[in-house]
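Pulled from TrEMBL, these are the features on record:
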- A:9-26: compositional bias 'Basic and acidic residues' (COMPBIAS)
- A:104-181: domain 'YdbS-like PH' (DOMAIN)
- A:278-344: domain 'YdbS-like PH' (DOMAIN)
- A:371-445: domain 'YdbS-like PH' (DOMAIN)
- A:1-44: region 'Disordered' (REGION)
- A:85-106: transmembrane segment (TRANSMEM)
- A:212-239: transmembrane segment (TRANSMEM)
Amino acid sequence: MTPPGAPEGVRDDGVRDDGLRDRAADVSRGMPDGRAAAPAPDERRLHPVTPLRRAWAPVAVIAGWAVHDPDQAQRHLTRLTMTTLLVALAVLIPAAALYGFLSWWFTHFSVTGTELRIRTGLVFRRTAHIRLERLQAVDVTQPLLARVAGVAKLKLDVVGADKKDELAYLGQDEARALRAELLARAAGFAPETAHEVGEAPVRRLLHVPAGVLAVSLLLTGATWGTLAAALVVPTLLWFATHSLWTVLATAVPLIGAAGAGSVGRFVGEYDWTVGESPDGLRIDHGLLDRAHETVPPGRVQTVRVVEPLLWRRRGWVRVELDVAGSANSVLLPVAPREVAESVIARVLPGVTVPGTVRPPRRAGWCLPLWWRGQGLAVTDSVFVAGHGLLRRSVALVPHAKVQSVRLEQGPWMRRRGLAHVRVDTGANKTVTARLRDASEAAELLYAQADRSDTGRREARPDRWMA
Amino acid sequence: METGTSEDSGRTTDRAAGGPAWISLPPGLLRMRRLLLVVWMGLLTVATGLLTGLLAGPGWAAFALLPLAVLLWGWPMLGRNWRSWRYAERSDDLLISKGVLWHEETVVPYGRMQLVEVTSGPVERHFGLASVQLHTAAAATDARIPGLDPAEAERLRDRLTELGEARSAGL
């Protein structure tokens, strides 16, 4: 235990020095004294619209309860007289407003030479120091209502940061300016000049037309699968039970899933634009909710090229990417293969998607038929593993991003002289080359460990402009 | 390439000459696991035998053979599993190899280690054992070496931390 007089921060540092773990987001909690509360030079508050966001909470709770249990809600409502209702409102609304106001008032952020500091919390203080050199990606998002109000959320993706560490909301222009400043500082510009550097120029690489996106979604098996389920299952249930409630209870979630898979995806991936700037990759998308993501150079842990069966005739692919600490995973919702490969060559400099080599024929004993879909290739810069027969997927991992390599062999595989090779990346994803020849796999295990070591040494520095 | 000597463990792999210098686990872990097996299965045998014998009749007491069979089967199995565990410190990475039927071999480059932990539960402590667990930025990395001598565990931790710091690399 820390003695009551000691500043909180000291204990934090003591703990952190013990290990090697370098979580980029340090969070300290405690009473509002000590280092955490020391005022930084240029602390700022969020946009004054922010309290309204919090004011929603009590209304949403009541609405949720009413929907969840409509009968009881109605009974309660009839029992309430006008006066009690008015009194409740008179208490509830100021309380919500006060809560919103106070949480806004006690939230500050500041940008120092190496960190973004967010200080928040009314009763329980929370101070997050986000180290800019560890920055993996920056997202500026604008939900529909925020667009109307002219505000935006800014989130820094670092390993260990959570949902609370986003800045919601900032003025639209302020969010852009802050993003430019944070990126300039993370890139290694001198702190004095960082906020004059401004937005890096963007060169547009690709724009996905709405028509292509719509067709691609129509050609996705999952869309039709959920739609068919949403139509067939409730109908069957109706004939089986003749109970309206049962039918509704199954139909609503199924229709919701079908809608989210098709319309929801269309709305989210509408106007998909990928650009390139000195600060890295820029991805802008959305019809109602707009999102602008920036992935600085050298942050991509894995790139996956996915080719659903029905897209193959048109030569379309979907490209996904993994960035540590980031929830976003789509790079291109749909694009012709050549275009996708040219974009991949910009994301992972100089990388082409190589053809993969199948496992030996005897792999069919372990995985009938589907063994043909497995593949492996290793180039100078990436480890490539493919799987899937109908829906083909090829994952590329830069050697510099490999955290550990594993070889796995079960009893049945040993009899056939086969083994899996798994490669773990920093984005908590594992890429597996399945059913390789055992001796090849053993060689690959060591060779891959060496490659990942040298790959890291040759990789670009974290501060990409330095 | 190798650090350490190759005769201390006496078991090198059948891979090409110049393979890594494997170190096996000390016998303490095997002793602990076997003792736990005997104690638990012995208790279970006696309990099953008594309960079924008294309540359902002597014929039913044959069920007590079940835990006994597990005990007899588990004894050599634990030995096999214990023999399969080994690790090697190479110049740039740590190797861990384990498992007989489901064999797994893990390579972790030193530069990727984020945290090295030494843990020792109450039972392990009683037998003078400690485990070393490595963490990388990937949660899937399962690099644990159980049943080490505490002094060896600490030496390994210090050495790994030192090497990790020297080669530390970002994500």
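Yeah, the Cβs are placed from backbone N, Cα and C, and that goes for glycine too.
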Composition by DSSP (helix, strand, coil) of residues within the domain 'YdbS-like PH' (A:371-445): 19 helix, 41 strand, 15 coil
Secondary structure tally of the domain 'YdbS-like PH' (A:104-181) (DSSP, helix then strand then coil): 24 helix, 36 strand, 18 coil
Distant-in-sequence neighbours of the transmembrane segment (A:212-239), which means Cβ under 8 A and at least six residues beyond its ends: 246-247, 250-251, 254-255, 257-258, 261-262, 265-266, 269-270, 272, 308-311, 314, 316, 318, 333-334, 391
Helix-strand-coil residue split for the domain 'YdbS-like PH' (A:278-344), DSSP-based: 14 helix, 35 strand, 18 coil
Average pLDDT across the domain 'YdbS-like PH' (A:278-344), rounded to a whole number: 92
